[in-house]
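Pulled from Swiss-Prot:
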- K61: active site, charge relay system (ACT_SITE)
- S139: active site, charge relay system (ACT_SITE)
- S163: active site, acyl-ester intermediate (ACT_SITE)
Amino acid sequence: MSLLREAEKCLANQKTYASLNAFITPLQRAGPWRDRVRDSDTRRERGVTKSPLDGKLVAIKDNICTRDMPTTCASRILDTYTSPFNATVVESLEKSGAIIAGKTNLDEFGMGSHSMHSHFGPVKNVTESRREPISPGGSSGGSAVAVATGQCYAALGTDTGGSVRLPAAYTGTVGFKPSYGHVSRWGVVAYANSLDTVGVLGSSISTIREVYKTINHPDLHDPTNLPPATRTRLTAAVHNSSTTRSSPSPYLRIGIPTEYNIHELSPTVRTAWQRSIVHLQRMGHTILPVSLPATKHALAAYYVLAPAEASSNLARYDGVRYGTRDTDAPDDAEPGGYLYASSRGKGLGSEVKRRILLGAFSLSADAIDNYFLQAQRVRRLVQADFERVFRVKNPLLPAVDVDADVDGRDKKQIAGDNAGVDVLVVPTAPTLPPTVESLKRASTVETYMNDIFTVPASLAGLPALSVPVQMRGLSTVGDGDESKGDGADAAFGSVGIQAIGQFGDDEMVLHVGEMLEGMHG
């Protein structure tokens, strides 16, 4: 099939699945992109393609700046904003010959786990075999649904605490969050600077590799992007360790964290996790239980740190510097104060305002010691736990002290339990996709719980991949309360299983993902 035919098929799917609301700004049927795809077809016939993405349609989450399409962040306050420049990742894709397939829907400013908090309406998951609509995950739900329904070849999302991996798990797609600093954030609208990572969604790991190779490079515009010298150090550390771990055996040591086996884990998800472990064991890999004691505090720390950074980042959207301005002030209003308050009050959604208030409180003089600083300490404990687990050591971190106590346990004992593994394999989400109706009844804290397995890797900046493990004959009968999502069929007959690797060992994560990708229940 020609590239133009493939592109037209994607556009036809955008029209067919328009009711799912995956796109805020879809690709227009007529436009200069057609000539670009024809040029790509010509290059392919001559065997001189720019890259594997040449002529392919790649969707962009609508919090990533594009010069030729609006960047709204799914917010009323930015519903008329168009960036004067492209984000670095968009430039990289266009240089590779990729065609921007449109801007995908999301939770406003990336704040949400179910893509329900959008000024342009919620994203809907595919529900052909379901009586009730189910969550597509968030905040990159639009990107995930677009990939799952063939509306594009691949899509970019952003992952702050699981916003690429959770939608991937809920839509039966592959979602990859690279190591923090590997992909440029320049041109990405900030939510939480120390956590935000551009991720990739695709239908297969080979697609993920194609996109990741294109966007994984140094960028002087982004101060958090790793420079060439640092990348060389990481590559050398991984290579040296790979030489060691391939001798005398080519098989891997795969860690299974005991802290992830929680009581609330859906029986269906637990069974999928167990079958994944057995599958890897049958391939000859060694399965080892490991301990990550700080994991139980990770979610609470995340929901202090991320809103704190957001309260600062979103202060610029005031109707003066950025954003839609509300000028309908009463005669007796104080001009400056009313403009700020009214523009933000009307322009920002309820979930965004909730997190801004939470973040502002945690940074206040009365709360910073008890909340923000404690959350930072927990983040370092989470990072230290991962560092003890992996056989490869992160050359950018100081040696981990094993003498102090964590939760009353001796760290030497913990280090002894964690003999050194190459990768961790855990569920992406504790339950199957919840129904939309159950989410409307759930409390805010209950909706935050879906991030419990994705947040730890984000706090540590580690690479993580969600793979849909196909589970034939995996029944959800008896899973429990359907209001929690446990009574829903797994999207596309799959359950999301997550591989987490050491910082910089992104290739290992993708390698293990390929092992799981070929698995059938």
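Note: Cβ is positioned from N, Cα and C throughout, glycine not excepted.
The structure displayed is predicted, hence computed values, not measured ones.
Cα spacing between the residue listed as 'active site, acyl-ester intermediate' and K61 (active site, charge relay system): 11 Å, rounded to the nearest whole number. K61 (active site, charge relay system) sits 9 Å from S139 (active site, charge relay system), taking the Cα positions as reference. The Cβ neighbour count for K61 (active site, charge relay system), using a 10 Å radius and every protein chain shown, is 32.
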